[in-house]
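A.B. asks: According to TrEMBL, the region 'Disordered' annotation covers 1-65. Sequence annotations record features per position, and here TrEMBL assigns compositional bias 'Low complexity' to 1-22. Taken from TrEMBL, the feature compositional bias 'Basic and acidic residues' covers 26-49. What TrEMBL records for 50-65 is compositional bias 'Gly residues'. The domain 'Protein kinase' annotation in TrEMBL covers 85-345. Residues or ranges marked as ATP binding site by TrEMBL: 114. The domain 'EF-hand' feature in TrEMBL is assigned to 388-423, 425-460, 467-502, 504-531.
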(Lines of atoms letter the chains of each structure in order from A and count residues from 1; the text may use other names and numbers.)
(Lines give C-alpha, C1' and ligand atoms only; values in the text may rest on other atoms or scores of the structure.)
Protein backbone atom coordinates (compact mmCIF):
# COMPACT_ATOMS: atom_id res chain seq x y z
CA UNK A 1 0.00 0.00 0.00
CA UNK A 2 1.16 3.58 -0.02
CA UNK A 3 2.10 5.49 -3.19
CA UNK A 4 5.34 6.46 -4.83
CA UNK A 5 6.24 7.88 -8.20
CA UNK A 6 9.48 5.91 -8.54
CA UNK A 7 10.33 3.90 -11.63
CA UNK A 8 9.29 0.79 -9.77
CA UNK A 9 5.89 2.32 -9.07
CA UNK A 10 5.42 3.41 -12.67
CA UNK A 11 6.22 0.00 -14.07
CA UNK A 12 4.21 -2.06 -11.58
CA UNK A 13 1.59 0.04 -9.90
CA UNK A 14 3.67 1.43 -7.06
CA UNK A 15 2.93 1.53 -3.39
CA UNK A 16 -0.83 1.17 -3.12
CA UNK A 17 -0.71 -0.29 -6.58
CA UNK A 18 1.98 -2.57 -5.26
CA UNK A 19 -0.60 -4.26 -3.11
CA UNK A 20 -2.77 -5.14 -6.08
CA UNK A 21 0.30 -5.94 -8.15
CA UNK A 22 1.64 -8.41 -5.65
CA UNK A 23 -1.77 -9.67 -4.65
CA UNK A 24 -2.22 -10.60 -8.29
CA UNK A 25 -0.21 -13.75 -7.75
CA UNK A 26 -2.23 -14.58 -4.68
CA UNK A 27 -5.60 -13.75 -6.17
CA UNK A 28 -5.07 -15.07 -9.67
CA UNK A 29 -6.21 -18.46 -8.43
CA UNK A 30 -9.60 -17.08 -7.53
CA UNK A 31 -10.21 -14.94 -10.64
CA UNK A 32 -13.41 -15.45 -12.59
CA UNK A 33 -14.19 -17.92 -15.43
CA UNK A 34 -12.15 -21.09 -15.78
CA UNK A 35 -10.54 -20.92 -12.33
CA UNK A 36 -12.81 -23.49 -10.67
CA UNK A 37 -10.18 -26.04 -9.64
CA UNK A 38 -7.69 -23.40 -8.50
CA UNK A 39 -10.44 -21.66 -6.58
CA UNK A 40 -11.47 -24.86 -4.83
CA UNK A 41 -7.85 -25.61 -3.93
CA UNK A 42 -7.30 -22.05 -2.70
CA UNK A 43 -10.44 -22.23 -0.56
CA UNK A 44 -9.32 -25.52 1.00
CA UNK A 45 -5.83 -24.15 1.62
CA UNK A 46 -7.19 -21.01 3.23
CA UNK A 47 -9.53 -22.93 5.51
CA UNK A 48 -6.62 -25.10 6.67
CA UNK A 49 -4.22 -22.19 6.66
CA UNK A 50 -3.45 -21.95 10.35
CA UNK A 51 -2.55 -25.03 12.37
CA UNK A 52 -4.95 -25.72 15.19
CA UNK A 53 -7.45 -23.09 13.99
CA UNK A 54 -8.24 -19.82 15.71
CA UNK A 55 -6.16 -17.46 13.61
CA UNK A 56 -8.33 -14.39 13.83
CA UNK A 57 -8.50 -11.93 10.96
CA UNK A 58 -9.42 -13.67 7.74
CA UNK A 59 -8.76 -17.26 8.77
CA UNK A 60 -11.27 -20.04 8.44
CA UNK A 61 -14.39 -17.94 7.83
CA UNK A 62 -14.52 -17.79 4.05
CA UNK A 63 -17.72 -18.89 2.43
CA UNK A 64 -18.08 -21.48 -0.26
CA UNK A 65 -19.35 -20.53 -3.72
CA UNK A 66 -19.09 -17.40 -5.79
CA UNK A 67 -20.99 -14.21 -5.09
CA UNK A 68 -24.41 -14.54 -6.81
CA UNK A 69 -24.46 -13.17 -10.35
CA UNK A 70 -25.28 -9.47 -10.46
CA UNK A 71 -24.83 -9.00 -6.71
CA UNK A 72 -21.85 -7.01 -5.45
CA UNK A 73 -20.57 -7.02 -1.90
CA UNK A 74 -21.51 -4.29 0.54
CA UNK A 75 -18.54 -3.55 2.81
CA UNK A 76 -20.24 -1.07 5.11
CA UNK A 77 -17.72 1.67 4.26
CA UNK A 78 -18.57 5.36 3.83
CA UNK A 79 -20.13 6.27 0.49
CA UNK A 80 -18.99 9.88 0.19
CA UNK A 81 -15.68 9.35 -1.62
CA UNK A 82 -16.62 11.61 -4.54
CA UNK A 83 -17.47 14.43 -2.12
CA UNK A 84 -14.16 14.05 -0.27
CA UNK A 85 -11.56 13.47 -3.00
CA UNK A 86 -10.76 14.21 -6.63
CA UNK A 87 -8.94 11.43 -8.46
CA UNK A 88 -5.79 12.53 -10.28
CA UNK A 89 -3.21 10.76 -12.40
CA UNK A 90 -2.98 7.01 -12.61
CA UNK A 91 0.14 5.62 -10.99
CA UNK A 92 -0.29 1.95 -11.74
CA UNK A 93 -2.59 -1.01 -11.73
CA UNK A 94 -2.74 -4.58 -10.59
CA UNK A 95 -4.97 -7.61 -10.94
CA UNK A 96 -7.95 -6.15 -9.12
CA UNK A 97 -7.58 -2.39 -9.11
CA UNK A 98 -5.88 0.86 -10.02
CA UNK A 99 -3.82 3.27 -7.96
CA UNK A 100 -4.21 7.02 -8.27
CA UNK A 101 -2.99 10.23 -6.76
CA UNK A 102 -6.01 12.04 -5.35
CA UNK A 103 -6.55 15.48 -3.84
CA UNK A 104 -8.45 16.12 -0.62
CA UNK A 105 -11.15 18.67 -1.54
CA UNK A 106 -11.05 20.26 1.91
CA UNK A 107 -7.35 20.88 2.53
CA UNK A 108 -5.77 20.24 -0.87
CA UNK A 109 -3.47 17.48 0.41
CA UNK A 110 -2.38 14.74 -1.96
CA UNK A 111 -3.21 11.19 -0.92
CA UNK A 112 -2.88 7.76 -2.45
CA UNK A 113 -6.07 5.97 -3.43
CA UNK A 114 -6.35 2.35 -4.41
CA UNK A 115 -9.56 1.71 -6.32
CA UNK A 116 -10.68 -1.93 -6.33
CA UNK A 117 -13.28 -3.17 -8.79
CA UNK A 118 -16.15 -4.96 -7.02
CA UNK A 119 -17.03 -6.88 -10.20
CA UNK A 120 -13.70 -8.71 -9.91
CA UNK A 121 -14.53 -9.96 -6.41
CA UNK A 122 -16.23 -13.16 -7.52
CA UNK A 123 -15.47 -15.27 -4.45
CA UNK A 124 -16.17 -14.44 -0.80
CA UNK A 125 -12.47 -14.93 -0.06
CA UNK A 126 -11.67 -11.91 -2.27
CA UNK A 127 -14.08 -9.81 -0.21
CA UNK A 128 -12.52 -11.09 3.00
CA UNK A 129 -9.04 -10.19 1.72
CA UNK A 130 -10.05 -6.56 1.21
CA UNK A 131 -11.75 -6.38 4.60
CA UNK A 132 -8.71 -7.88 6.29
CA UNK A 133 -6.31 -5.48 4.58
CA UNK A 134 -8.38 -2.50 5.74
CA UNK A 135 -8.55 -3.96 9.26
CA UNK A 136 -4.76 -4.32 9.30
CA UNK A 137 -4.17 -0.76 8.08
CA UNK A 138 -6.54 0.56 10.75
CA UNK A 139 -4.71 -1.40 13.45
CA UNK A 140 -1.28 -0.12 12.44
CA UNK A 141 -2.07 3.45 11.49
CA UNK A 142 -0.24 5.97 13.64
CA UNK A 143 3.03 4.04 13.55
CA UNK A 144 5.67 6.26 11.99
CA UNK A 145 7.08 3.48 9.79
CA UNK A 146 3.77 2.24 8.37
CA UNK A 147 2.02 4.02 5.51
CA UNK A 148 -0.83 5.96 7.12
CA UNK A 149 -4.38 4.82 6.48
CA UNK A 150 -6.96 7.60 6.14
CA UNK A 151 -10.25 5.88 5.36
CA UNK A 152 -12.06 3.28 3.27
CA UNK A 153 -14.97 4.15 1.00
CA UNK A 154 -17.21 2.37 -1.46
CA UNK A 155 -19.89 2.91 -4.05
CA UNK A 156 -21.84 0.41 -6.12
CA UNK A 157 -18.85 -0.33 -8.36
CA UNK A 158 -15.65 0.16 -6.35
CA UNK A 159 -13.91 0.09 -2.99
CA UNK A 160 -11.55 3.04 -2.38
CA UNK A 161 -8.70 2.90 0.13
CA UNK A 162 -7.20 6.31 0.90
CA UNK A 163 -3.76 6.46 2.44
CA UNK A 164 -0.51 8.39 2.71
CA UNK A 165 1.25 9.48 -0.46
CA UNK A 166 4.96 8.60 -0.47
CA UNK A 167 7.24 10.23 -3.03
CA UNK A 168 10.65 8.88 -2.03
CA UNK A 169 10.67 5.65 -4.00
CA UNK A 170 11.22 2.04 -3.03
CA UNK A 171 14.01 0.85 -0.78
CA UNK A 172 15.01 -1.45 -3.64
CA UNK A 173 15.66 1.54 -5.91
CA UNK A 174 17.92 3.15 -3.32
CA UNK A 175 19.86 -0.08 -2.86
CA UNK A 176 20.45 -0.34 -6.60
CA UNK A 177 21.54 3.32 -6.73
CA UNK A 178 24.25 2.81 -4.09
CA UNK A 179 27.86 2.13 -5.02
CA UNK A 180 28.21 -1.66 -5.41
CA UNK A 181 24.49 -1.78 -4.48
CA UNK A 182 25.29 -1.72 -0.78
CA UNK A 183 24.89 0.60 2.19
CA UNK A 184 27.42 1.71 4.78
CA UNK A 185 26.91 -0.04 8.12
CA UNK A 186 25.65 3.14 9.74
CA UNK A 187 23.06 3.82 7.03
CA UNK A 188 22.03 0.16 6.88
CA UNK A 189 21.43 0.07 10.64
CA UNK A 190 19.08 3.07 10.38
CA UNK A 191 17.04 1.33 7.67
CA UNK A 192 16.98 -2.03 9.43
CA UNK A 193 15.91 -0.48 12.70
CA UNK A 194 12.82 0.97 11.03
CA UNK A 195 11.90 -2.36 9.46
CA UNK A 196 12.26 -4.11 12.82
CA UNK A 197 10.02 -1.55 14.48
CA UNK A 198 7.32 -2.36 11.93
CA UNK A 199 7.70 -6.10 12.52
CA UNK A 200 7.61 -5.70 16.30
CA UNK A 201 4.47 -3.57 16.06
CA UNK A 202 2.80 -6.09 13.77
CA UNK A 203 3.66 -8.97 16.08
CA UNK A 204 2.36 -7.13 19.12
CA UNK A 205 -1.00 -6.95 17.31
CA UNK A 206 -0.89 -10.68 16.55
CA UNK A 207 -0.15 -9.88 12.91
CA UNK A 208 2.46 -11.35 10.56
CA UNK A 209 3.42 -9.31 7.48
CA UNK A 210 4.50 -12.41 5.50
CA UNK A 211 6.10 -10.57 2.57
CA UNK A 212 8.84 -8.30 3.87
CA UNK A 213 11.21 -7.30 1.08
CA UNK A 214 12.77 -4.07 -0.25
CA UNK A 215 9.93 -3.42 -2.71
CA UNK A 216 7.46 -3.35 0.16
CA UNK A 217 9.14 -0.39 1.86
CA UNK A 218 8.87 3.17 0.54
CA UNK A 219 10.53 6.40 1.62
CA UNK A 220 8.19 9.24 2.53
CA UNK A 221 10.27 11.74 0.55
CA UNK A 222 13.43 11.86 -1.54
CA UNK A 223 15.48 13.22 1.39
CA UNK A 224 18.32 10.99 2.58
CA UNK A 225 16.93 10.95 6.11
CA UNK A 226 13.35 10.33 5.02
CA UNK A 227 11.45 7.84 7.18
CA UNK A 228 10.83 4.41 5.75
CA UNK A 229 7.23 3.22 5.36
CA UNK A 230 5.97 -0.36 5.21
CA UNK A 231 3.40 -1.00 2.51
CA UNK A 232 1.44 -3.84 0.92
CA UNK A 233 -0.27 -5.88 3.62
CA UNK A 234 -2.04 -8.02 1.01
CA UNK A 235 -0.47 -11.25 2.28
CA UNK A 236 -0.53 -10.26 5.95
CA UNK A 237 -2.73 -12.11 8.40
CA UNK A 238 -3.56 -12.44 12.08
CA UNK A 239 -2.40 -15.42 14.11
CA UNK A 240 -2.96 -16.55 17.68
CA UNK A 241 -0.05 -17.43 20.02
CA UNK A 242 1.26 -20.93 19.43
CA UNK A 243 -0.52 -21.38 16.11
CA UNK A 244 1.24 -21.75 12.76
CA UNK A 245 0.38 -20.89 9.17
CA UNK A 246 0.23 -23.95 6.91
CA UNK A 247 0.24 -22.20 3.54
CA UNK A 248 3.31 -21.00 1.66
CA UNK A 249 3.40 -17.32 0.72
CA UNK A 250 6.03 -14.66 0.29
CA UNK A 251 8.84 -13.91 -2.15
CA UNK A 252 11.35 -16.56 -3.11
CA UNK A 253 14.58 -14.85 -2.03
CA UNK A 254 13.17 -13.72 1.32
CA UNK A 255 11.08 -16.72 2.38
CA UNK A 256 12.00 -18.36 5.70
CA UNK A 257 12.76 -22.10 6.00
CA UNK A 258 9.74 -22.73 8.20
CA UNK A 259 7.45 -21.20 5.56
CA UNK A 260 8.64 -23.83 3.08
CA UNK A 261 7.97 -26.46 5.76
CA UNK A 262 4.42 -25.13 6.17
CA UNK A 263 4.68 -24.25 9.85
CA UNK A 264 5.46 -20.54 10.09
CA UNK A 265 4.66 -17.66 12.41
CA UNK A 266 5.94 -14.16 13.28
CA UNK A 267 9.55 -15.39 13.20
CA UNK A 268 9.40 -15.55 9.39
CA UNK A 269 9.28 -11.74 9.20
CA UNK A 270 12.54 -11.53 11.14
CA UNK A 271 14.22 -13.96 8.74
CA UNK A 272 13.15 -11.77 5.81
CA UNK A 273 14.63 -8.71 7.50
CA UNK A 274 17.83 -10.71 8.01
CA UNK A 275 17.98 -11.36 4.26
CA UNK A 276 17.41 -7.67 3.53
CA UNK A 277 20.16 -6.71 6.00
CA UNK A 278 22.56 -9.13 4.29
CA UNK A 279 21.78 -7.47 0.95
CA UNK A 280 22.14 -3.94 2.36
CA UNK A 281 25.60 -4.73 3.73
CA UNK A 282 27.14 -6.69 0.86
CA UNK A 283 25.00 -6.06 -2.23
CA UNK A 284 24.24 -9.77 -2.75
CA UNK A 285 21.48 -12.14 -1.74
CA UNK A 286 22.48 -14.79 0.82
CA UNK A 287 20.55 -17.51 -1.03
CA UNK A 288 20.57 -17.59 -4.81
CA UNK A 289 19.98 -20.01 -7.65
CA UNK A 290 18.72 -19.88 -11.22
CA UNK A 291 15.49 -21.67 -10.32
CA UNK A 292 12.92 -21.29 -7.56
CA UNK A 293 13.45 -24.87 -6.42
CA UNK A 294 17.17 -24.16 -6.25
CA UNK A 295 16.56 -21.08 -4.10
CA UNK A 296 14.36 -23.09 -1.74
CA UNK A 297 17.03 -25.77 -1.35
CA UNK A 298 19.58 -23.07 -0.52
CA UNK A 299 17.24 -21.55 2.07
CA UNK A 300 16.60 -24.93 3.69
CA UNK A 301 20.14 -26.32 3.65
CA UNK A 302 22.81 -23.68 3.09
CA UNK A 303 24.35 -21.23 5.55
CA UNK A 304 25.10 -17.65 4.41
CA UNK A 305 28.69 -17.14 3.27
CA UNK A 306 30.46 -14.52 5.39
CA UNK A 307 33.91 -15.22 3.88
CA UNK A 308 33.44 -13.44 0.54
CA UNK A 309 34.16 -9.76 0.14
CA UNK A 310 33.14 -7.39 1.62
CA UNK A 311 32.27 -9.41 4.76
CA UNK A 312 35.86 -9.57 6.11
CA UNK A 313 35.78 -5.75 6.30
CA UNK A 314 32.36 -5.57 7.96
CA UNK A 315 32.21 -5.31 11.75
CA UNK A 316 31.82 -8.39 13.92
CA UNK A 317 28.77 -6.78 15.51
CA UNK A 318 27.01 -6.49 12.14
CA UNK A 319 27.88 -10.09 11.27
CA UNK A 320 26.64 -11.29 14.65
CA UNK A 321 23.38 -9.43 14.09
CA UNK A 322 22.76 -10.94 10.65
CA UNK A 323 23.66 -14.45 11.82
CA UNK A 324 21.15 -14.23 14.68
CA UNK A 325 18.40 -13.24 12.26
CA UNK A 326 19.25 -15.98 9.75
CA UNK A 327 19.06 -18.87 12.21
CA UNK A 328 17.13 -21.65 10.51
CA UNK A 329 15.40 -22.79 13.73
CA UNK A 330 12.71 -20.13 14.32
CA UNK A 331 12.72 -20.90 18.07
CA UNK A 332 16.36 -19.82 18.26
CA UNK A 333 15.99 -16.74 16.04
CA UNK A 334 15.87 -13.29 17.62
CA UNK A 335 12.43 -11.74 17.84
CA UNK A 336 11.95 -8.33 16.23
CA UNK A 337 11.99 -6.59 19.62
CA UNK A 338 15.10 -8.52 20.69
CA UNK A 339 16.84 -7.52 17.47
CA UNK A 340 16.12 -3.87 18.30
CA UNK A 341 18.18 -4.34 21.47
CA UNK A 342 21.20 -5.69 19.57
CA UNK A 343 24.22 -3.32 19.87
CA UNK A 344 24.67 -3.02 16.10
CA UNK A 345 21.16 -1.80 15.31
CA UNK A 346 20.65 0.00 18.61
CA UNK A 347 23.45 2.52 18.08
CA UNK A 348 21.74 5.85 17.60
CA UNK A 349 18.57 4.44 19.12
CA UNK A 350 17.61 4.09 22.75
CA UNK A 351 15.68 1.73 25.00
CA UNK A 352 12.68 4.03 25.31
CA UNK A 353 11.55 3.42 21.73
CA UNK A 354 11.88 -0.37 21.88
CA UNK A 355 8.34 -1.80 21.93
CA UNK A 356 7.17 -4.54 24.25
CA UNK A 357 8.06 -7.93 22.78
CA UNK A 358 4.98 -10.09 22.16
CA UNK A 359 7.13 -13.17 22.89
CA UNK A 360 7.90 -11.81 26.37
CA UNK A 361 4.19 -11.49 27.11
CA UNK A 362 3.55 -14.95 25.68
CA UNK A 363 6.37 -16.45 27.76
CA UNK A 364 4.92 -14.93 30.92
CA UNK A 365 1.55 -16.46 30.11
CA UNK A 366 3.17 -19.85 29.50
CA UNK A 367 5.23 -19.72 32.71
CA UNK A 368 2.03 -20.22 34.70
CA UNK A 369 1.46 -23.55 32.92
CA UNK A 370 4.88 -25.00 33.77
CA UNK A 371 5.30 -27.48 36.59
CA UNK A 372 6.91 -26.18 39.77
CA UNK A 373 10.18 -27.98 39.03
CA UNK A 374 10.61 -26.29 35.66
CA UNK A 375 9.79 -22.91 37.20
CA UNK A 376 12.48 -23.51 39.84
CA UNK A 377 14.93 -24.70 37.17
CA UNK A 378 14.39 -21.57 35.07
CA UNK A 379 14.93 -19.35 38.11
CA UNK A 380 18.20 -21.16 38.78
CA UNK A 381 19.26 -20.69 35.14
CA UNK A 382 18.31 -17.00 35.23
CA UNK A 383 20.56 -16.44 38.24
CA UNK A 384 23.63 -17.63 36.27
CA UNK A 385 23.35 -15.09 33.44
CA UNK A 386 25.40 -11.91 33.13
CA UNK A 387 24.53 -8.42 31.93
CA UNK A 388 25.55 -8.87 28.29
CA UNK A 389 23.29 -11.90 27.93
CA UNK A 390 20.35 -10.01 29.39
CA UNK A 391 20.49 -6.77 27.37
CA UNK A 392 17.22 -7.34 25.52
CA UNK A 393 15.36 -8.44 28.67
CA UNK A 394 16.62 -5.34 30.50
CA UNK A 395 14.99 -3.25 27.77
CA UNK A 396 11.77 -5.23 28.08
CA UNK A 397 11.74 -4.97 31.88
CA UNK A 398 12.27 -1.20 31.59
CA UNK A 399 9.37 -0.94 29.13
CA UNK A 400 7.00 -2.60 31.62
CA UNK A 401 8.42 -0.99 34.80
CA UNK A 402 6.77 2.36 34.12
CA UNK A 403 7.67 4.05 37.43
CA UNK A 404 11.31 2.83 37.15
CA UNK A 405 11.50 1.57 40.75
CA UNK A 406 13.15 -1.72 39.80
CA UNK A 407 10.09 -3.94 40.14
CA UNK A 408 6.87 -4.67 38.27
CA UNK A 409 3.64 -4.17 40.18
CA UNK A 410 0.25 -5.72 39.50
CA UNK A 411 -0.87 -2.47 37.87
CA UNK A 412 2.19 -2.39 35.58
CA UNK A 413 1.68 -6.06 34.71
CA UNK A 414 -1.96 -5.34 33.93
CA UNK A 415 -0.95 -2.41 31.71
CA UNK A 416 1.57 -4.52 29.78
CA UNK A 417 -0.94 -7.31 29.25
CA UNK A 418 -3.64 -4.84 28.22
CA UNK A 419 -1.87 -3.94 24.98
CA UNK A 420 -3.89 -4.22 21.78
CA UNK A 421 -3.13 -7.93 21.75
CA UNK A 422 -4.62 -10.82 19.78
CA UNK A 423 -6.05 -12.17 23.03
CA UNK A 424 -7.96 -10.71 25.95
CA UNK A 425 -7.06 -11.40 29.55
CA UNK A 426 -9.18 -11.35 32.67
CA UNK A 427 -8.01 -9.50 35.78
CA UNK A 428 -7.80 -12.79 37.70
CA UNK A 429 -5.50 -14.20 35.02
CA UNK A 430 -3.13 -11.22 35.29
CA UNK A 431 -2.93 -11.77 39.05
CA UNK A 432 -2.28 -15.49 38.49
CA UNK A 433 0.64 -14.68 36.19
CA UNK A 434 2.18 -12.21 38.65
CA UNK A 435 1.85 -14.69 41.52
CA UNK A 436 3.49 -17.47 39.49
CA UNK A 437 6.47 -15.27 38.58
CA UNK A 438 6.74 -13.68 42.05
CA UNK A 439 8.83 -16.38 43.76
CA UNK A 440 9.33 -14.51 47.06
CA UNK A 441 5.61 -13.61 47.33
CA UNK A 442 6.17 -9.89 47.97
CA UNK A 443 3.55 -8.88 45.41
CA UNK A 444 6.16 -7.56 42.97
CA UNK A 445 8.27 -9.02 40.16
CA UNK A 446 11.95 -8.15 40.34
CA UNK A 447 14.35 -8.46 37.40
CA UNK A 448 15.63 -11.97 38.22
CA UNK A 449 12.07 -13.27 38.55
CA UNK A 450 11.20 -11.56 35.26
CA UNK A 451 14.17 -13.16 33.48
CA UNK A 452 13.18 -16.64 34.70
CA UNK A 453 9.72 -16.24 33.18
CA UNK A 454 10.82 -14.73 29.86
CA UNK A 455 14.04 -16.54 28.91
CA UNK A 456 14.44 -17.86 25.36
CA UNK A 457 16.27 -21.10 26.14
CA UNK A 458 16.54 -22.24 22.51
CA UNK A 459 18.28 -18.98 21.62
CA UNK A 460 20.81 -19.44 24.43
CA UNK A 461 21.77 -22.88 23.15
CA UNK A 462 21.87 -21.89 19.49
CA UNK A 463 23.84 -18.66 19.87
CA UNK A 464 26.59 -19.97 22.16
CA UNK A 465 26.47 -23.71 22.86
CA UNK A 466 29.57 -23.64 25.08
CA UNK A 467 28.11 -20.92 27.29
CA UNK A 468 24.80 -22.82 27.37
CA UNK A 469 26.60 -25.90 28.64
CA UNK A 470 28.27 -23.90 31.42
CA UNK A 471 25.13 -21.99 32.41
CA UNK A 472 22.85 -25.02 32.47
CA UNK A 473 25.40 -27.00 34.49
CA UNK A 474 25.72 -24.14 36.99
CA UNK A 475 21.92 -24.11 37.35
CA UNK A 476 21.92 -27.90 37.80
CA UNK A 477 24.51 -27.66 40.56
CA UNK A 478 22.28 -25.33 42.55
CA UNK A 479 20.12 -28.43 43.13
CA UNK A 480 22.84 -31.13 43.08
CA UNK A 481 24.06 -30.35 46.58
CA UNK A 482 26.35 -33.39 47.03
CA UNK A 483 27.78 -33.01 43.48
CA UNK A 484 27.22 -36.66 42.57
CA UNK A 485 25.73 -35.75 39.18
CA UNK A 486 22.10 -36.31 40.15
CA UNK A 487 19.27 -34.36 41.76
CA UNK A 488 17.36 -36.39 44.33
CA UNK A 489 13.99 -35.72 46.00
CA UNK A 490 15.82 -34.85 49.22
CA UNK A 491 17.96 -32.27 47.42
CA UNK A 492 14.84 -30.74 45.91
CA UNK A 493 13.40 -30.45 49.41
CA UNK A 494 16.59 -28.80 50.68
CA UNK A 495 16.49 -26.20 47.88
CA UNK A 496 13.01 -25.06 48.86
CA UNK A 497 10.54 -27.21 46.94
CA UNK A 498 7.73 -28.35 49.19
CA UNK A 499 4.85 -30.78 49.01
CA UNK A 500 4.76 -34.17 47.32
CA UNK A 501 8.02 -34.50 45.38
CA UNK A 502 7.24 -37.77 43.58
CA UNK A 503 4.98 -36.24 40.92
CA UNK A 504 7.32 -33.26 40.76
CA UNK A 505 10.28 -35.50 39.95
CA UNK A 506 8.37 -37.19 37.15
CA UNK A 507 8.37 -33.88 35.27
CA UNK A 508 12.04 -34.43 34.40
CA UNK A 509 12.88 -38.05 35.33
CA UNK A 510 12.76 -39.54 31.84
CA UNK A 511 14.37 -42.91 32.66
CA UNK A 512 12.28 -43.30 35.85
CA UNK A 513 15.26 -44.05 38.10
CA UNK A 514 14.02 -41.74 40.85
CA UNK A 515 16.56 -38.96 40.23
CA UNK A 516 17.40 -36.30 37.64
CA UNK A 517 20.62 -36.33 35.60
CA UNK A 518 22.21 -33.29 33.97
CA UNK A 519 20.94 -34.32 30.52
CA UNK A 520 17.41 -34.73 31.89
CA UNK A 521 17.68 -31.32 33.55
CA UNK A 522 18.70 -29.73 30.25
CA UNK A 523 15.79 -31.40 28.45
CA UNK A 524 13.46 -29.98 31.09
CA UNK A 525 14.77 -26.48 30.36
CA UNK A 526 14.38 -26.98 26.61
CA UNK A 527 10.79 -28.23 26.78
CA UNK A 528 8.74 -26.12 24.38
CA UNK A 529 6.03 -24.29 26.26
CA UNK A 530 3.55 -24.60 23.41
CA UNK A 531 3.87 -28.38 23.15
CA UNK A 532 3.99 -30.27 19.89
CA UNK A 533 2.26 -28.55 17.01
CA UNK A 534 1.77 -31.75 14.95
CA UNK A 535 1.74 -29.70 11.79
CA UNK A 536 1.75 -31.24 8.31
CA UNK A 537 4.59 -30.56 5.92
CA UNK A 538 4.64 -30.39 2.15
CA UNK A 539 7.12 -29.99 -0.65
CA UNK A 540 4.66 -27.94 -2.68
CA UNK A 541 5.38 -24.25 -3.20
CA UNK A 542 2.80 -21.67 -4.14
CA UNK A 543 2.25 -17.92 -3.95
CA UNK A 544 6.04 -17.40 -3.95
CA UNK A 545 7.37 -14.44 -5.87
CA UNK A 546 10.77 -13.54 -7.21
CA UNK A 547 11.97 -9.96 -7.29
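Positions of Cβ are set from backbone N, Cα and C atoms, glycine also.
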A.B. asks: Which sequence-distant residues neighbour the domain 'EF-hand' (504-531)? Criterion: at least 6 residues beyond either end, Cβ under 8 Å.
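C.D. replies: Long-range Cβ neighbours of the domain 'EF-hand' (504-531): 241-242, 331, 363, 366-367, 369-374, 377-378, 381, 457-458, 461, 472-473, 475-476, 479, 485-489, 492, 497.
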A.B. asks: Within 10 Å of the Cβ of the residue listed as 'ATP binding site', how many other Cβ atoms are there?
C.D. replies: 32
A.B. asks: Let me know the model's mean pLDDT on the domain 'EF-hand' (504-531).
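C.D. replies: It averages 83.
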A.B. asks: Give me the DSSP three-state residue breakdown of the domain 'EF-hand' (467-502), ordered helix, strand, coil.
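C.D. replies: Helix, strand and coil residues of the domain 'EF-hand' (467-502) number 19 helix, 2 strand, 15 coil.
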